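Residues annotated as active site in Swiss-Prot: Thr2. Per Swiss-Prot, Na(+) binding site is recorded for Gly158, Asp161, Thr164.
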Amino acid sequence: MTTIVCVRKNGKVAIGGDGQATLGNCVEKGTVRKVRRLYKDKVVTGFAGSTADAFILRDLFEKKLELHQGHLVKAAVELAKEWRTERSLRRLEAMMIVANESEFLLVSGSGDVIEPEFDVLAIGSGGNFAKSAALALLRTNNELSAAEIVKQALIIAGDIDIYTNHNHVIEEV
């Protein structure tokens, strides 16, 4: 379990996640890097769910990005199609948020590719806490940047969700 949150504000997109990995009810590691840059550092992805499954999906997404020359939506849709139809991938338990400088999407194992209605997406066990905090800050605080809103949302999620820690990685595109 984890928290990944993505915010768009003033032409910037920031995505961040915590670093906690659990096995059952035990914390196995607190410094997992769940947010990574891809495709010439122009795309950032964050994952929630099974770590091994997420790495497989991230690698597949990176291949789709290369194939489609960095076109985020096309790569995400093609990944979702393959995820749903390829028998070996159907059992993978993970979700991803993918972002570039102008758009960001949620990609799920059920084949969903969702563009946010508002300028916030969040996934993982602390996702609803982070989304609520980010939406509130986005609507009421004009001084915070996208990255600062992501940081505050992750702090709040980590204070509430036992599967989210305070070791954050935040990237901005």
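Glycine residues also receive a Cβ, built from the backbone N, Cα and C atoms like all the rest.
Taking the features listed in Swiss-Prot, we show where each one sits on the structure.
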{"residue": "Thr2", "record": "active site", "Cβ within 10 Å": "28"}
{"residue": "Gly158", "record": "Na(+) binding site", "Cβ within 10 Å": "21"}
{"residue": "Asp161", "record": "Na(+) binding site", "Cβ within 10 Å": "21"}
{"residue": "Thr164", "record": "Na(+) binding site", "Cβ within 10 Å": "28"}
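Close to the recorded Na(+) site, the chain also has Thr3, Asp18, Gln20, Ser125, Gly126, Phe129, Ala130, Leu154, Ala157, Asp159, Ile160, Ile162, Tyr163, Asn165, His166: residues not among Gly158, Asp161, Thr164 whose Cβ is within 8 Å of the site's Cβ mean position. Rounded to a whole value, the Cα-Cα separation of Gly158 (Na(+) binding site) and the residue listed as 'active site' is 9 Å. Note: the Cα of Thr2 (active site) and the Cα of Asp161 (Na(+) binding site) are spaced 9 Å from each other.
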